[in-house]
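Novice: Here you go, one structure.
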Amino acid sequence: QSSKEVWKSAELTKDYKNGDASLHLMLEDGTNIDHKLDPKTKNLPYLRNPDILVGENDLTALSYLHEPAVLHNLKVRFIDSKLIYTYCGIVLVAINPYETLPIYGTDIINAYSGQNMGDMDPHIFAVAEEAYKQMARDERNQSIIVSGESGAGKTVSAKYAMRYFATVSGSASEANVEDKVLASNPIMEAIGNAKTTRNDNSSRFGKYIEIGFDTRYRIIGANMRTYLLEKSRVVFQADEERNYHIFYQLCASAHLPEFKNLRLSSANDFLYTRQGRSPVIDGVDDTKELCTTRNAFTLLGINESYQMGLFQVLAAILHLGNVEIKDRDSDSSLIPPNNRHLTAFCELVGVTYQDMAQWLCHRKLKTATETYVKPLPRLQATNARDALSKHIYAKLFNWIVEHVNKALITNVKQHSFIGVLDIYGFETFEINSFEQFCINYANEKLQQQFNMHVFKLEQEEYMKEQIPWTLIDFYDNQPCINLIEAKMGILDLLDEECKMPKGSDDSWAQKLYNTHLKTCSLFEKPRMSNRAFIIQHFADKVEYQCDGFLEKNKDTVNEEQINVMKASKFDLLVELFQDEEKATSPTGQVPGTGGRTRLSIKPDKGRDTKSKEHKKTVGCQFRNSLQMLMETLNATTPHYVRCIKPNDFKLAFSFDPKRAVQQLRACGVLETIRISAAGFPSRWTYQEFFSRYRVLMKQKDVLPDKKLTCRNVLEKLVQDQDKYQFGKTKIFFRAGQVAYLEKLRADKLRAACIRIQKTIRCWLARKKYLRKRCAAITIQRFTRGYQARCLAKFMRRTQAATIIQKYQRMYVEKRRYRQKQAAALAMQTILRAYMARQKYQALLREAKAVIIQKRIRGWLARCWYKRCLHSIVYLQCCIRRMRAKRELKKLKIEARSVEHFKKLNKGMENKIMQLQRKIDEQSKENRTINDRLVGLESSYTAESERMRGELGRLRGVEEDAKNKANQVSSLLEELERLKKELSATQQEKKTIEDWAQKYRDEMEKMVSELKDQNGLLKKEKDDLNRSIQEQSQQMTEKMTRAIAQETQQLETDLNEERSRYQNLLTEHLRLEEKYDDLKEEMALSSNVSKPGHKRTDSTHSSNESEYTYNSEYAELEDGSRAREVRKLALNTSLTLKLQKRLTELEQEKQSLRNELENKEEQFQRARARDDEEFKKARGAELEYESLKRQELESENKKLKHDLAEMRQSLLGNAATGAGAPGSPAYKVLLDQLNASCEELEVRKEEVLILRSQLVSQKEAMHHKETMTEPSVYAADVSKLKDAEVKQAYVGLKDTNRLLEQQLQTQRRTYDNEVEALRGELQNVKEENNRQQQLLAQNLQLPPEARIEASLQHEITRLTNENLDLMEQLEKQDRTIRKLKKQLKVYSKRIGEMGAGQTEGQTSPGQMVDEPIHPVNIPRREKDFQGMLEYKKEDELKLVKNLILELKPRGVAVNLIPGLPAYILFMCLRHADYVNDDQKVRTLLTSTINSIKKILKKRGDDFETVSFWLANTCRFLHCLKQYSGDEQFMKHNTSRQNEHCLSNFDLAEYRQVISDLAIQIYQQLIKCMENILQPMIVSGMLEHETIQGVSGVKPTGLRKRTSSIADEGTYTLDSILRQLSAFHSTMCQHGTDPELIKQVVKQQFYIIGAVTLNNLLLRKDMCSWSKGMQIRYNVSQLEEWLRDKGLMTCGAKETLEPLIQAAQLLQVKKKTDEDAEAICSMCLALTTAQIVKVLNLYTPVNEFEERVSVAFIRTIQTRLRDRCESPQLLMDTKMIYPVTFPFNPSSLALETIQIPGSLNLAFLTRV
């Protein structure tokens, strides 16, 4: 324990043993100290909580509950984490940061709305939400008690609580009650707050505001009670303090023209505002504050005249303070005449100068018989003046409070309320007076109520969990309260002394000493004073000075001064003083007038009672009002907010432990801790205990019953049974047991960590050893390899040297050997050459001789052969000639005989064949021999030629040898000459070579220089080209970037304009709803006041033109509002404001629409440049189509004109020939002609009808005697006299004519059928031939190709059959439609015939209708044009059946998507077709209003909203697609282009329907948000998708939501299922894919924003394990996007802030490199969000490290240059601007069928 820091943290460095006199400790700064123990008590210092529990949200979650633990936890949260709120059980501790924090915005309010108190980080909004929920759940009134000393932030906390209620609940009426409740704050701060040394905006009064709610828990009003206004501040302020703010606001605004008559100047010019010598507050503009105050007055209904009156009274008080009173003598005083300030005072308050000057310096004394006027000394006169100022200000204060309450009151019955008590905390100063006594008395009462409530909650908790209840001793301050308020207490004695004629402070002090000094231990007397006393309060001892107690308790004012005020001509001042008695009576008004002055009135017998009532003292009033306050608080459920002032110097985030402990003791926080610590402060559910301490259990200890498991484990871990108790749902622990369990858990985890580390280190060491071993082996291997390579190199060198020596020696020997060999060979060569030449000569001579002999012998042999051959041939010829002659002779003889010839012939044939064969053989042999002979001759010739050549060569060689022998000498000479020439030539060559080498060097040098220059030029050229390319690329990139930036800027501007426009549209819709509600209220009120009066609803008439002419709509709406207001005489100012606001919104909407159109035109112009070429290409085609359309339209008009002329002519003929014989037939023919536009008669049925007519006529001939109708063929039968014969003749002629027509028809039908059969036969033949060809081709193909060809053929055949079947189906559909039409016509005709039979009978015996129906004229069926016709009276039925009573679920499942939109557009097309503008307008207006009506009725049903969003968009697309604009007709078919609207341009209605679609889209987003909102936090944050990653930390009294999924808990799967349900529903309804992408993007933005906001507001969620959970959940969401094909819709990018926050939780957070990585990673997070996450980062286990303050400051320094908004939370209400890209439909309108389930039979297809 330290005097400066109160408590210090230290670590025990040496074990303590019983009996040790001191402890060896080491402080946090490293200082070692010996702490001496008290030898008497031997009390040890408090144990500190484990680090993992430091910084908890709830102080009751601490294991060790004591003062140092509380102080340390608050300091860590406030200084390190910048968290100003902390729970302490049921108390919210709020530390004033003296800095504006961004944690009170609407986004924070929305984040806390609907959340459990323990689920979010501590906040004043959490307390307000808890009070609001308990009020709604328990049906019990609530109170929020905000207390603390001056400067602790009580007023701000109360203000934020009221703002929360106003924002969350809304108001029941449209009168903005919540705004009025908030508007009361600036008024009360202006008149009741002032600057003190401790606080710049200190509340100098107490207030209790009751905010009333109706049965639906919406704000309906409020009521304010005030307590003990510090009136003395009006006339006196200490140094560095100010008077009430309103005075300085008026002085700062004195230059304004409306304040000229107040005669104000600077605050330093007035006594009442300059005493503190600190007229200005830093950062506060008093002029702006006055504007805020005046606006608040206006909002609360205090008009300008009343405001000026109030300011007039306030200015008069300032002037009164400047009235200077001078001494006349020692017993009297005077005011100098014509005192400027007194004159100003009198003029401002409307009193006479003489009266006021008289009674400021005199007073009237009354006795029973006489009245005396007594002059006053200057001091008493000054005090009287100040008393009057205080009294006037108190009256003014009470008047303002009363009127504020009147403005906040409501006529609606109050169902419940939430009270906010903003009251002064316990105060003790150097000099304490009556004000501090009353304040501390009130705090004693509140502390008693607080203790009892805490004790009660503890008892209820123990009882509910069935824990044995032991009485906990707690401090009871009832004796102190009795000392103050009991009989003969301090207040009683004070009142008694005030009644005494000569009572004084001294005598009162003596009475106190005599009464209580010996009887009450809480009352003491100071040693050195007889005018003071000491009271032992619950927080501290306080010494009160008795001076001024009596005067302040009496609070008297000069009665004559009051009478002068009452006689004022100033109405407001008279109003302040007119009900003096009533106003001052505590029974006449709500308590809260404790600071009001009590006056002495003239004695009157009739006023004795009132005078007694009037003289009730301030202390008595305060006691009564405090008693009523306590009764109110006891009747409600209290919620406590304790505000702590961290230091006395208003330094931001500076913590003074000593001052904090004083306030903690004073506000009861430590008492709460003591009560909790006395029992079982730590409480765990069984599931939480099991999840947290599962590591301490063995597998065998885990049982299916978690409760039994926890019981068994706890009995093993904690031996002392008194340290814990088992409840029904929780386990209760004594103080310190959770820390013990945490130590066991940490030890177990540490042992596990050590084992893991040991194993990992072993693995790492072994890995390192193996790596070293491997490295050593590698080094050895390389070393040995190097040595081996060196040895091998040496060996190689040795071997090489040996080889070189060997080869050198070999070369020498070989050279010597070769020389010798060459010499020997030369000798051998010469010798052998000589011998060879000799031998050659001999052989040559011999060969030549042989050749000569051979030639000669051959010649001789040939000559002999030739002679022999010639002789032989001659001899053969002679012999053969002789034999031939003989044979010829025989043949001549034999030829004469035929038989011989025949015989011979047979033999001859055989012989001839034999001879022929022989001849062939011989010829072959001859050819072979000839070939041989030719070959031999050729070889002989070649050999002879070779031999001749060889011989010639040899001869030439011989001659050459002879010549060469002669030439050797000449050659030797020539050789010498040549040698000489060679040497000369070599010399010249050398000279030339030198010159050439020199020239070459020069040329090479020149070439190199040229190459260098060329290289430089090329390099320069390349550099220039590169620079040119870079410049061009840079210019291109710059232009591209500029174009992209400009495009991006245009798109951004367009999106911003679109967002502004859509937000304005939402505001416009909200104001419309308000206006409708106002009209309903006005109607209800008018019905109540005038039961017989019925108001005509003009909504339809105004809505009819609402979306066509905006200006007319505004005028009509304004006019209708004005009429309603004049008629019903309600709040005109509110209605006028609404009218003005609506007009402004209309104008702003129109301007935004114009801006949006301009932006879109710019965007379209930018796109038009790209589409210009395409348009040119399409120009000719479009012109052709337009000409064709015009031609068709002209032809259509011509046909219509001809049809009309024919109808007129027929009508004319029928009219002129009414008496003609054929007139009835012409009428029937005309009727059939009109009906033939929709029907086609069947000939067969006509023949049957004609036959029946013929039979009836034949029967009628027997009954008739005279003709009733002249015949049309009168000229042919004029010669016949018998009427019956004439009739039969006419009937027969008609019958013959009809039979001829029938016969011709049948013949034509027969011919057509024959032709059709022939055609089919021909087709069958062709098909047969084609099949045969295909079969033949297939048979020639291989098996694989044959199969493929057969399959292809089968596919073709099936396709053709399918097309044929489709044609047949269409024909059958047309036939069915035709038959239906015929059926209608026949039913109509039967009805007409029945009517004709009843009316047209001319005789009793006539059985049939006389007029003969002529033959129907056949007409081709007209094609359906895709239009629906309805009657005007059926419009309401159409809207009712198609919109109001349509069930989306059945339609979406059973019918085509967008069917209602198609039907409405087809009805609209017919209205356009008939050129009925009224019908178009009413249809569109009814459609829009009906859609709005169904959305207002079922706006919370997602299917309904999605269904009508899809249909509204489809209707909008249809209006564009068929508008006739070229930009929308690009994707249409020619048939669809024919269906375009032709008469009306509905561009304005398209804008209105687009606005309607935007409203529906926003309604859809809100509906989805309401469905998803409860799932997001539970599924994304709280539920453990990966089980076992994050452990549950110890929690306090505010139990958080468990992360274990129960049956009713939402998980991530719940979110994914809901998203899939949304997606499937929109797909079923036919929503545009682009629109679905925008919806999904908005859904993911909501999920990411809500999750991130809760993460930023929940310290328990900011941990490493939770970051892993979030990243896994985000990956599941991305997987869902991937499955649905929506990855490109931009939804993933909306989750980027959440992803980066999760990464921030998981990255390292130590070094500067980590800070740099975080800054570069977290680009989607703002600086405030990054710092908030780092501040909230909380280790779940003690092995994780906290983020240091230095690291957070490093992050802040690095992110200082970021330009971003300081907003902490993401805007969950933000809706991306929606667009509706044009999506044309390929569905043909003429093919749409209307199901009967829609009950739209009254629609006619056209």
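Cβ coordinates are placed from backbone N, Cα and C, and glycine is handled just like the others.
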Novice: Tell me which of 166-188, 626-648, 1431-1453, 1661-1683 corresponds to the region 'Actin-binding' entry in TrEMBL.
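Specialist: The range carrying the region 'Actin-binding' annotation in TrEMBL is 626-648.
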Novice: At a C-beta cut-off of under 8 Å, are there same-chain residues at least 6 beyond the region 'Actin-binding' (626-648) that contact it? List them, or none.
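Specialist: For the region 'Actin-binding' (626-648), the list is 74, 78, 88, 90-98, 124, 127, 130-131, 134, 138, 140-154, 157, 161, 198, 208, 225, 227, 419, 421, 425, 441-442, 445-446, 449-450, 453, 591, 654-656, 659-660, 663-664, 667-669.
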Novice: Which chain neighbours of the ATP site, leaving out Gly148, Glu149, Ser150, Gly151, Ala152, Gly153, Lys154, Thr155, have a Cβ atom within 8 Å of the mean position of the site's Cβ atoms?
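Specialist: The surrounding set, listed in chain order, is Asn96, Arg198, Asn199, Ser202, Ser203, Gly425, Cys643, Lys645.
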Novice: For a quick check of packing: other C-beta atoms within 10 Å of the C-beta of Gly151 (ATP binding site), how many?
Specialist: 22
Novice: For the region 'Actin-binding' (626-648), would you mind checking the mean pLDDT of the predicted model?
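Specialist: So the average pLDDT across the region 'Actin-binding' (626-648) works out to 90.
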Novice: Among the binding-site residues Ser150, Thr155, point out the residue whose Cβ has the most other Cβ atoms within 10 Å, with all shown protein chains included in the count.
Specialist: Thr155
Novice: Across the region 'Actin-binding' (626-648), what are the DSSP residue counts per state (helix, strand, coil)?
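Specialist: For that range the per-state counts are 9 helix, 8 strand, 6 coil.
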Novice: Quick one: give me the count of other CB atoms within 10 A of the CB of Lys154 (ATP binding site).
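Specialist: A count of 27.
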Novice: Taking the Cβ of Glu149 (ATP binding site) as the centre, how many other Cβ atoms fall within a 10 Å radius?
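Specialist: For Glu149 (ATP binding site), the 10 Å Cβ neighbour count is 24.
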Novice: Among the binding-site residues Gly148, Gly153, whose Cβ has the fewest other Cβ atoms within 10 Å?
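Specialist: Result for the binding-site residues Gly148, Gly153: minimum number of other Cβ atoms within 10 Å at Gly153.
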